[in-house]
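Let me begin by presenting the structure, written as structure tokens, before commenting on it.
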Amino acid sequence: MPSAFQFQCHLVLIFLAASKGETRYLEGRDAGEDDPFLLLNEDLKRELSAGQIYRRSLRCIDMLSTEGQFTFTADQPQLHCATFFIGEPEELITIHYNFVNIDCQGGDFLKVFDGWILKGEKFPSSLDHPLTTSQRYVDFCESGNIQRSIRSSQNVAMIFFRIQQAGNGFTVTVKKTSNLFPCNVISQTPSGRFTMVIPHQHRNCSFSIIYPVVIKISDLILGHLNGLFLKKPSAGCAGVEDFVELLGGAGLDPSKMFPLADLCHSFHGSAQMKIGCDNTVLRMVSSGKHVNRVTFEYHQLDLQETEIRKENSIEEFCFPSI
């Protein structure tokens, strides 16, 4: 049976695939109660590319992958609402408050979070983000006009809000800017190809794929000799400052996921792994002494492959197969 995490992320990825024209239909219209996300068709994307500003209302729980102006107006008390924003891997997201009418003194709030939170788990993890967890929240009721524009550190961000009085609400404008060296990324699709580069920076970067996948690393440059090492209880990349690790798990936070393999040294060629976890993460740890680079491609495991792997308890432990 799919986990709750898989089900929630499956809804997210259905939305993202549709917004890229990879699934059938849906019209650019306000969704009803049975439609958790508004899906954008190709005609609407062409209109947006022509310079028009996309506008629509927000729902209590919503997902956006396009620029535009978005308004939420409460028709009844809304206590637990969130909007998830996502861009391409090389994009950052800026959220600007155009208009806010909420009762901060009465318990309403409107907060931007730099990243995503799902069931208490964060992406990027606290280990991989330049800000502390408290600094990643920007509370409108505390900052007000002081900080009306917030830019994310990666291709995902979100808004939490509570509005108790009908008729109150807010309007935000969402824009995207390019990020020359993308670091922490959530993939919009279950397949793709990506090159991660960390140029002489002391930081950790994670690429998250919310699907069971086959991942193939074709090029890794770390400034070391050739080699590929599976993670073992008494082995791995201990003492190595620059390395790549593959992680698998059932949640969003890479720091809480199961380590599957370490790649400690540069190589050219192909290293392939099947990972049957709900979420797969490729994470690069960089000391800042080198220009580290890794190129990889990935695609979703098909049902037959997943069923075969159940014999080896992949759902419980997500053991790799090289």
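Any Cβ shown, glycine's included, is placed from N, Cα and C.
Automatic, uncurated: that is what TrEMBL annotation is.
Note that the coordinates shown come from a computational prediction; the quantities given were computed from them, not determined experimentally.
These come from TrEMBL:
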type: DISULFID; residues: Cys60-Cys81; note: disulfide bond
type: DISULFID; residues: Cys104-Cys141; note: disulfide bond
type: DISULFID; residues: Cys183-Cys205; note: disulfide bond
type: DISULFID; residues: Cys237-Cys264; note: disulfide bond
type: DISULFID; residues: Cys277-Cys318; note: disulfide bond
type: DOMAIN; residues: 52-177; note: domain 'Corticotropin-releasing factor binding protein N-terminal'
type: DOMAIN; residues: 185-306; note: domain 'Corticotropin-releasing factor binding protein C-terminal'
type: SIGNAL; residues: 1-21; note: signal peptide
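Per DSSP, the domain 'Corticotropin-releasing factor binding protein N-terminal' (52-177) is made up of 10 helix, 67 strand, 49 coil. Here the candidates are the disulfide-bonded residues Cys60, Cys81, Cys104, Cys141, Cys277. The one whose C-alpha lies nearest to that of Cys205 (disulfide bond) is Cys277.
With every protein chain in view, the residue among the disulfide-bonded residues Cys60, Cys81 whose Cβ has the most Cβ partners within 10 Å turns out to be Cys81.
Ranking the disulfide-bonded residues Cys141, Cys205, Cys237 by how many other Cβ atoms lie within 10 angstroms of each Cβ puts Cys141 at the bottom. Comparing C-alpha positions, Cys60 (disulfide bond) sits nearest to Cys277 among the disulfide-bonded residues Cys237, Cys264, Cys277.
The Cβ of Cys104 (disulfide bond) has Phe140, Cys141 as same-chain neighbours under 8 Å, each 6 or more residues away in sequence.
A Cα-Cα distance of 23 Å separates Cys264 (disulfide bond) from Cys277 (disulfide bond). Neighbour density at the Cβ, taken as the number of other Cβ atoms within 10 Å, is lowest among the disulfide-bonded residues Cys183, Cys264, Cys277 for Cys264. Cα separation, Cys183 (disulfide bond) to Cys237 (disulfide bond), rounded: 21 Å.
As a summary of secondary structure, the domain 'Corticotropin-releasing factor binding protein C-terminal' (185-306) carries 7 helix, 70 strand, 45 coil according to DSSP. A Cα-Cα distance of 42 Å separates Cys81 (disulfide bond) from Cys237 (disulfide bond).
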